[in-house]
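A.B. asks: Here it is, the structure in full.
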Amino acid sequence: MIYTCLSPAKINLFLYVTGRRKDGYHNIQTLFQFLDYGDQFKIIANKTGNIELFTEKKIFMNVQNSIIIAAKLLKKTALLQGKLQNSSYGAKIFLKKNIPMGSGLGGGSSNAATTLVVLNKLWNTQYTLKELSLLGLRIGADVPGFVMGNTAVIEGIGDILYPIVQKEKWYLVVYPCINISTRYMFSSPFLMSNTAKKSLQVLLKTPFKNDFENIAKKQFVPIKKLIRMLSSYAPSRMTGTGSCVFSEFDNKKSAQKIFSVLPKNVQGFIAKSVNISPLHKTLYKR
């Protein structure tokens, strides 16, 4: 069986760090929304027993890549729980990468979630999305949001999701050619991890902010300059722990107009936000 799909990017419309847990992880509150832009996937299920990842330049089998980790985790769990009868289940996964790494757009997490959701279908392991999201949490905090496939306010360590409907808008997303490690940002001495936790109603009525933005502006001058430049045209802020910055527009034409006047060396794209993940729209016909 073959399945071709989009592994979508996301933006964080707001992101607050509300405390540090005893286990060292941080609690967050974030508004997580999908874009109709992302990496291109083609997954071919087979009975070779192997998980193979093909990119435009390399073939991977035994590497610490989120796609291979997700596929092997699903297979191992399904075998232990009797949802797969033998170890012959395998897959060839072809990836065309469009989402920059370390950009705050969730590329690695999206890839892991896409792998879990699609192989669950192709291998007929019959896990619910909730069950897959719990598996995904073992890979990364953003993975459950991608697995569930709805715009959501996400809390805790990524394990508490409140699906909502958010107005779909157009975004100009600009990449400053800087890769920022999530771990690096969470360990920053400048991180104030005590933003007051708010109710869902208050969160959605309060002007949106990102607790990591001031840290990024202090440590990465290009991000500071980029936010200043884009904010002169439209409401703009950083997504995730960086490095991408997005500007918000009511229509595509307005986004294109601003993109056209930016310096020619600026890298970016225009995308529409969507309340249902493009993956889930095609896979589940939502």
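Numbers run from 1 along the shown chain.
Glycine too: its Cβ is placed from the backbone N, Cα and C atoms.
Worth saying up front: this structure is predicted, and the values here are computed from it rather than measured.
Features from Swiss-Prot:
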| type | residues | note |
| --- | --- | --- |
| ACT_SITE | Lys10 | active site |
| ACT_SITE | Asp142 | active site |
| BINDING | Pro100, Met101, Gly102, Ser103, Gly104, Leu105, Gly106, Gly107, Gly108, Ser109, Ser110 | ATP binding site |
A.B. asks: So around the ATP site, Pro100, Met101, Gly102, Ser103, Gly104, Leu105, Gly106, Gly107, Gly108, Ser109, Ser110 aside, which residues have their CB within 8 A of the centroid of those CB atoms?
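C.D. replies: Here the non-site neighbours turn out to be Ala9, Ile99, Gly240.
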A.B. asks: Starting from the Cα of Lys10 (active site), work out which of the binding-site residues (Pro100, Gly102, Gly106, Gly108) are within 10 Å.
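C.D. replies: Within 10 Å of Lys10 (active site): Gly106.
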A.B. asks: About how far apart, in whole Å, are the alpha carbons (Cα) of Gly104 (ATP binding site) and Asp142 (active site)?
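C.D. replies: Answer for this pair: 11 Å between alpha carbons.
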A.B. asks: What's the CA to CA span in angstrom from Pro100 (ATP binding site) over to Asp142 (active site)?
C.D. replies: 16
A.B. asks: Roughly how many Å lie between the Cα atoms of Ser110 (ATP binding site) and Asp142 (active site), rounded to a whole value?
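C.D. replies: Counting only the Cα atoms, the answer is 8 Å.
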A.B. asks: Whole-number answer please: how many Å between the C-alpha atoms of Gly106 (ATP binding site) and Asp142 (active site)?
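C.D. replies: For Gly106 (ATP binding site) versus Asp142 (active site), the Cα atoms are 7 Å apart.
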A.B. asks: Taking the Cβ of Ser110 (ATP binding site) as the centre, count every other Cβ atom within 10 Å, in any protein chain shown.
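C.D. replies: Taking every protein chain into account, the count is 28.
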